[in-house]
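Novice: Below, the features straight out of Swiss-Prot:
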- Leu120, Gly124, His125, Leu126: (6S)-5,6,7,8-tetrahydrofolate binding site (BINDING)
- His227: site 'Plays an important role in substrate specificity' (SITE)
- Lys228: N6-(pyridoxal phosphate)lysine (MOD_RES)
Amino acid sequence: MLEKKTIAELDPVLWDAMQNEVRRQEEHIELIASENYVTPAVMQAQGSQLTNKYAEGYPGKRYYGGCEYVDIVEQLAIDRAKELFGAEYANVQPHSGSQANAAVYGALLSAGDTILGMDLAHGGHLTHGAKVSFSGKIYNSVLYGITADGVIDYADVRTKALESKPKMIVAGFSAYSQVIDWAKMREIADEVDAYLFVDMAHVAGLIAAGLYPNPLPHAHVVTTTTHKTLAGPRGGLILSACGDEDIYKKLNSSVFPANQGGPLMHVIAAKAVCFKEALEPSFKVYQAQVLKNAKAMVEVFKQRGFDVVSNGTENHLFLVSFIKQGLTGKQADAALGAANITVNKNSVPNDPQKPFVTSGIRVGSPSITRRGFSETDAATLAGWMCDVLESIGKDNHEQVIAETKTKVLDICKRLPVYGIGR
């Protein structure tokens, strides 16, 4: 018999944890750059009966019967993704960004091939060749970084490309606040006859809104997550406009059957919702405010004497270095967390601390903007953060945290996420 109890009735312990998370999201300010708040429509799709359906294969070419309606769902997601980013090809099945990246490598590389990617310590991602990742174990990874000014060292990229002759150059980041010159990266890739693969996960929403350069005209393949600035469900997406049907076929085969089995149709439906939302004019307004809020926060940190890596931001995130202050990212993370402000500790260039400690934090504006924060609100918040950070190690530290927490709760009440659970 089909059990029809609610979670609260069936599993009170789990329900209590879920409700506490709802309250945490309502009563804490979220500044983790890779997080965002999805709409009720996205959640409705993810909680639908589509979760019941197995659909190995692709629309019109399934290994299971009864897929006539999920075919419509997936094709909607594919078509909307193409329209949103100007792509010729889209695969909406990857379960995550890392899975999407693994599929790209599997499609175009062989084990032992050389890839040239951005150093994790300089703002890259684990899957761009870090030695602790599959990308640095299966493939021979060479890493490039940023200059003392905090911008990508294209001369270094070119030199290392000429020396290592990679089969693929990986562009993209998890903690880089400036604009990447996609055309320059393609020029370097062409010089060594390499594929250019772009991971635009962090800036996909800005790109969709036309506020950050689109890599599709330059890259052979592009991947992204569907959350972060895109504000959709957790998942991955592969795109291309290279015009090479052979590459498209290899990418499809690398996702299924090589890396994954059945797609998550409820998540694909949520992706379709997310892409439709991103095609609305209001999405561009939102993304423009994301940029304004990030820049407003940067100015406050600089005015208060903190070092901002790259001296600013041209997207939704920025890094604050505490090397000068002698603080660690772990200390800052904990202190801000006690005041209901959630950030993540992050390594910064020339960081003397270990990765689990770090000397900096990463700050992102997508979630606060989703709540309705203006530039004034964002600047005020940055000031509160500076108050907390400056009080670390001082006698008034606990008092500052308590006062800041009260202010945070007040603004969260004024600008709720969903307005439930408090």
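Even glycines carry a Cβ here, placed using N, Cα and C.
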Novice: Taking the Cβ of His227 (site 'Plays an important role in substrate specificity') as the centre, count every other Cβ atom within 10 Å, in any protein chain shown.
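Specialist: Looking across every protein chain shown, the total is 25.
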Novice: Any idea which of the binding-site residues Leu120, Leu126 has the thinnest Cβ neighbourhood at 10 Å?
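Specialist: Taking Leu120, Leu126 as the binding-site residues, the minimal 10 Å Cβ count falls on Leu126.
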Novice: Measuring Cα to Cα, how many angstrom lie between His227 (site 'Plays an important role in substrate specificity') and His125 ((6S)-5,6,7,8-tetrahydrofolate binding site)?
Specialist: 16
Novice: What same-chain residues, at least 6 away in sequence, bring their CB to under 8 Å of the CB of Gly124 ((6S)-5,6,7,8-tetrahydrofolate binding site)?
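Specialist: Once residues fewer than 6 apart are set aside, Gly124 ((6S)-5,6,7,8-tetrahydrofolate binding site) is near Gly117, Met118, Ala130, Leu143, Val170, Gly172, Phe173, Ser174, Tyr176.
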Novice: Starting from the Cβ centroid of Leu120, Gly124, His125, Leu126, which together make up the recorded (6S)-5,6,7,8-tetrahydrofolate site, report each further residue of the same chain whose Cβ lies within 8 Å of that point, ordered by sequence.
Specialist: Gly117, Met118, Asp119, Thr127, His128, Gly129, Ala130, Ser133, Phe173, Ser174
Novice: Near His125 ((6S)-5,6,7,8-tetrahydrofolate binding site), how many other Cβ atoms are within 10 Å of its Cβ?
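Specialist: His125 ((6S)-5,6,7,8-tetrahydrofolate binding site) is surrounded by 24 other Cβ atoms within 10 Å.
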Novice: How many Å separate the Cα atoms of Leu120 ((6S)-5,6,7,8-tetrahydrofolate binding site) and Lys228 (N6-(pyridoxal phosphate)lysine)?
Specialist: 19
Novice: When a 10 Å sphere is centred on the Cβ of Lys228 (N6-(pyridoxal phosphate)lysine), how many other Cβ atoms does it contain?
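Specialist: The answer is 27 other Cβ atoms.
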Novice: Give me the Cα-Cα distance between Leu126 ((6S)-5,6,7,8-tetrahydrofolate binding site) and Lys228 (N6-(pyridoxal phosphate)lysine), rounded to a whole Å.
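Specialist: Between the alpha carbons of Leu126 ((6S)-5,6,7,8-tetrahydrofolate binding site) and Lys228 (N6-(pyridoxal phosphate)lysine) there are 17 Å.
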